[in-house]
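Peer 1: Handing you a structure now.
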């Protein structure tokens, strides 16, 4: 019966916040370099905050009512990485609040950074005991230590904590460099990813571009050599993603496609930063086409997600008994 089913949204749904707020930040920056209103950027940021609030409420409610289901997600070799999206999006929301209400931004950042560090220490260090299955090695492994530390650096830059931002940036960069060879080796040589996991490949687009965005946040926005090199590697990853489109589009659209969104939105922001540094040249030429392209991708994701919501296919409901501990099923 429908009454026996309860809302069960996996932590991966926080990925919707990543791309939405990331594009909001891109439009905020666009309003500084172009004669466009800041309201579009602020509107996307507010939309992302609302989505984050709803998802956070659902996640906390599930944690309180069905802690066993959250524990199962945290212990899952693949899904556990996506749980780290909760502190990641909390820190992005903190960045969104910086121009409006700094004390709240500091509180959200403080909470998010403590949670992300604690979870990364528990989850990632736990993988070092040699029991992580090879088939569970996917780009999702970037999330706890790479994405979260880059976002921490971005938040530090927005709040003016430059030295702390550099520390987090270093943690993210070296985590990225240590993980990428392992992940690429698995993708190349250890069997094809199952269809349901192929959209996790979208995360592969993010590290270089989010690292570039984090570096620009802590270096005062200077489009220096390092920023351009990171951007270049991000563009190369974009070409790889385009090449593999038929492969990961072999499944119907679902919320997991938002894994591409944070890298895409970071492409927009970093492209604008580098392009606004001059009135001509390579980056100036790329800035507008890339900005249009990224807006097109995010718009498609928003429209398709809204369609899923209207069709009743977005909000996952699960039998109550499945979410309860075995001893509580009676």
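Backbone N, Cα and C atoms are what each Cβ position is placed from, and that goes for glycine too.
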Peer 1: Do the topological domains in Swiss-Prot put residue 7 and residue 136 on a single side of the membrane?
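Peer 2: Membrane side for residue 7 and residue 136, as annotated in Swiss-Prot: identical.
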Peer 1: For the transmembrane segment (8-28) and the transmembrane segment (162-189), check the count of CB pairs under 8 Å (sequence separation 6 or more) and say whether it reaches 3 or more.
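Peer 2: Contact criterion not met.
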Peer 1: With a Cβ cut-off under 8 Å, give me the same-chain residues at least six positions beyond the ends of the topological domain 'Cytoplasmic' (128-138) that come close to it.
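Peer 2: For the topological domain 'Cytoplasmic' (128-138), the nonlocal Cβ contacts are 77-78, 81, 182-183, 186, 190-191, 193, 197, 200, 203.
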Peer 1: Would you mind listing the long-range same-chain contacts of the transmembrane segment (195-218), meaning Cβ under 8 Å and 6+ residues beyond its ends?
Peer 2: 78, 138-140, 142-143, 146-147, 150-151, 153-154, 156-158, 162, 165-166, 168-169, 172-173, 176, 180, 183, 187, 226-227, 230-231, 233-234, 237-238, 240-241, 244, 247-248, 250-251, 254, 256-264, 266-267, 269-270, 273
Peer 1: Can you work out which residues elsewhere in the same chain, 6+ from the ends of the topological domain 'Periplasmic' (219-224), have a Cβ less than 8 Å from its Cβ atoms?
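Peer 2: Sequence-remote neighbours of the topological domain 'Periplasmic' (219-224) are 273-274, 277, 283.
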Peer 1: For the topological domain 'Periplasmic' (276-283), give me same-chain residues lying six or more residues beyond its boundaries with a C-beta closer than 8 angstroms to one of its C-beta atoms, as numbers and ranges.
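Peer 2: Distant contacts of the topological domain 'Periplasmic' (276-283): 33, 223, 228, 231.
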